[in-house]
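**Student:** Sending over a structure as structure tokens; questions will come in a sec.
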Amino acid sequence: MSFALGQRWISDTESDLGLGTVVALDARTVTLMFAASEENRVYARSDAPVTRVIFNVGDVVDSQQGWSLQVEQVVEDQGVYTYLGTRVDTEESGVALREIFLSNQIRFNKPQDKLFAGQIDRMDNFVLRYRALTNQYQQHKSPMRGLCGMRAGLIPHQLYIAHEVGRRHAPRVLLADEVGLGKTIEAGMIIHQQVLTGRAERILIVVPETLQHQWLVEMMRRFNLHFSIFDEERCVEAFSEADNPFETQQYVLCSLDFLRKSRQRFEQALEAEWDLLVVDEAHHLEWHPEKPSREYQVIEALAEQTPGVLLLTATPEQLGRESHFARLRLLDADRFYDYEAFVKEEEQYAPVADAVTALFSGEKLSDEAKNKITELLSEQDVEPLFKALESHASEDEIALARQELIDNLMDRHGTGRVLFRNTRAAIKGFPVRNVHLLPLEIPSQYTTSMRVAGMLGGKLTPEARAMKMLYPEEIFQEFEGEESSWWQFDSRVNWLLEKVKAKRSEKILVIASRASTALQLEQALREREGIRATVFHEGMSIIERDKAAAYFAQEEGGAQVLICSEIGSEGRNFQFANQLVMFDLPFNPDLLEQRIGRLDRIGQKRDIDVYVPYLTETSQAILARWFQEGLNAFAETCPTGRAVYDAFAERLIPILAAGGGEELEVIIEESAKLNKTLKSQLEVGRDRLLEMHSNGGEKAQQIAEQIAKTDGDTNLVTFALSLFDAIGLHQEDRGENALVVTPAEHMMVPSYPGLPYEGATITFDRDTALSREDMHFISWEHPMVQGGIDLLMSEGVGTCAVSLLKNKALPVGTILLELVYVVDAQAPKRSGISRFLPVSPIRILMDARGNDLSSQVEFESFNRQLSPVNRHLASKLVSSVQHDVHRLITASETAVEPRVSAIREQAQRDMQQSLNSELERLLALKAVNPNIRDEEIEVLDQQIKELTGYIAQAQYQLDSLRLIVVAHN
């Protein structure tokens, strides 16, 4: 390397310093000043990591004064260059610009500039960049985008609802699946799709206070969506950042109580302009035409201001038609304006539902059913279908006609677009619950303390006394002190120890109401029998709970027993276990259902054993009998439980408080009767049409199968590992489909997106991720992959490379130039552009004569024949063929233009076809189904106009290039 004062060089390792100038030289070192970043660097002359900057005829260079020069001649004097040419702004010719006056800000961003400046990348980085572009393009185009990356089982009805709703603009729907069918996951999938496609950027989730953590965990674990819980303390903290604390975060989670209690916070939340509002447990919003509750008014105001609204409820409408109407009113007040009109309209659907049931079972349609269908659908549409059903056509034709009738009825179904409800009855695949009620003798220690407590408890309300009597171990501790070891004599603990020893190979989940009970049970198992158990309660942080859950999930060396408190277990699922022990009983049937729901969920592969050890002659025994004989709540899901409880609570509570009573038998008998009546009402009122629409039938199966195919994508594994390598992450194989990825010292960036500071355990396998909550499930949609690709692009990794092709059939020194162009439409993300015209790579392979060989020579097989070149040799090769490379770049533009036009045209066709058919369907439906909102049609119309413009304006640019030189050895 020969240096001279005033020469301009660029740093190979710190390209962001800008253009450097040689300011000092001695025998061993050279000093460069980088004026743009105000930095100096001293290098050893013999191997300084810098590259000489020399421009060529035809280049446009910037001066420090801000004007540009088109270079026509380059003159050298004692190692320093002067550029002669024409000024671009004044068109003055013969202007000289000495290199010392070149702009300090010159950056070599264009791939060809970097190539000529000697900033040549590794060959494998060029390959990685091209693969990143092609994979990203395929992901954006996939109709399943937003559904593949979540950590959840592929359950058809959930995927169908998410696919159906997630693609809508500002969806407003009511998700009313029964308990255990995964409404939270459906909502999460919808949110995930809306976020990925840019349709929703600001999201507010409002839930009951006890469910805040569950939602936080589910969104983070399953969808990599990081919400912030907002309470009064958080709002006060955020006040320093913004006047409105809700504007400091994009994704906010808060409790309904918090918004109800503070008018100021409620008004701030209203002003914060959300794109999507999600409300869980929406059945708690009470409404009467004259007097809506404060909670209802809070949500109503938010729903009016927010374009997208998802309401979640587990209560079927048959158990409260008025409150069902109130929920629909929140979604579309113009459509559901009057309760009486709504009831009338609902009544019209009853015969339709009957007709559909008949169609489904393949029975012959009655004349009444036919008339009803003809009233709803026009005669010319249905007549040929009726004929087909009654003719001697083939089974396939009859099935087709039947399906078409059902589809048409579904589209016309009043609430089909706003309401989704799946029931266990309509969805197969649930386990059987084997119930074991185990009456155990009450220890004398408890009898004494409970008798004394009964005498002292005069001031307590019956409800408080009833609650107290359910937990004799707590009463005993009140008298004997916190440290008293009740677990040494409690017969339930003795039974539990025997059961755990007898079921050594099984994982056992134990649920107790209180955190203190759970902790003491763990101590009992450990101290009395040395059994490995772990605890899960509300006093633990999310990370501690994750660790406990992972310890329980581990096949080898894990805990055999997990002991949960009531609140601690909310929202966690342990489908890999099928043994459930209820150490005590909760007061209300919903909580009981929630407990069993930890194991009895869709996706549970085995039947479940539910053990209920209870002490005789206590309130527990009464409650166990009422749950079992009055509600049958242990053996079956009990959607009616709450309604029956509300009807009998006043009579049942005093009996629980007293530990018995004459009226108990009557209450049990009457409860069973009411339960039966309510259940049959539910069955009669089952809306088959709605159920079919909600579970998606065949279509749902296809979606699940399509996603399952992408799950085993080895291409993703290879790509992700190369990506982590290129960025400098440390990887360690942990077996069991797991890898540990940690930040390393020499990373390209200080912190890697989506990767915690301490690193993470990752897996590419969905089943492993489902059983191990401490692992990240890596998919194309995961922030670590998406963020890594963004890093490659923004840091300019792999934009130029040089490779050797060892091929004796070609003369030595033959050159080929591989160029990757990208077509990109500058448009806001929320316009939906990425569905039709994502960043699209075009590969061109020019031979020395300027012919494009890309259609004959496929990228991967060609790449396997190439070998890398060290940087020094690469720079020499580039210098020797610089003129040819310039020529080939110009020639490649002629080759790329027709392909760009073809991409634009195809994108226009796809967009018009997809959105116009959607628009036509909505317009046709609007004529017969008042549930189609005008706003939805207007937005779609506007979207078509905007996208037409954006696609027409799409530009192309050179993203990366590789020079290939033929060698023989």
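Using N, Cα and C of the backbone, Cβ positions are placed for all residues, glycine too.
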**Student:** Choose the correct range: of 280-283, 628-631, 940-943, which one does Swiss-Prot annotate as motif 'DEAH box'? Give that range.
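**Tutor:** Among 280-283, 628-631, 940-943, the range Swiss-Prot annotates as motif 'DEAH box' is 280-283.
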**Student:** What residues, ordered by sequence, lie under 8 A Cβ-to-Cβ from V179 (ATP binding site) and sit at least six positions away in the same chain?
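**Tutor:** For V179 (ATP binding site), the qualifying residues are A314, E593, Q594, G597, T637, P639.
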**Student:** Count up the helix, strand and coil residues in the motif 'DEAH box' (280-283) according to DSSP, in that order.
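**Tutor:** Once the DSSP states are binned, the motif 'DEAH box' (280-283) shows 2 helix, 0 strand, 2 coil.
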**Student:** Which residues, same chain and not among D177, E178, V179, G180, L181, G182, K183, T184, have a CB within 8 angstroms of the centroid of the CB atoms at the recorded ATP site?
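**Tutor:** Result: A314, N422, I602.
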**Student:** Given the binding-site residues L181, K183, and counting only Cβ atoms in the protein chains shown, which has the most within 10 Å of its Cβ?
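**Tutor:** In terms of Cβ crowding, the pick is L181.
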**Student:** Return the count of C-beta atoms lying within 10 angstroms of the C-beta of T184 (ATP binding site), excluding that atom itself.
**Tutor:** 21
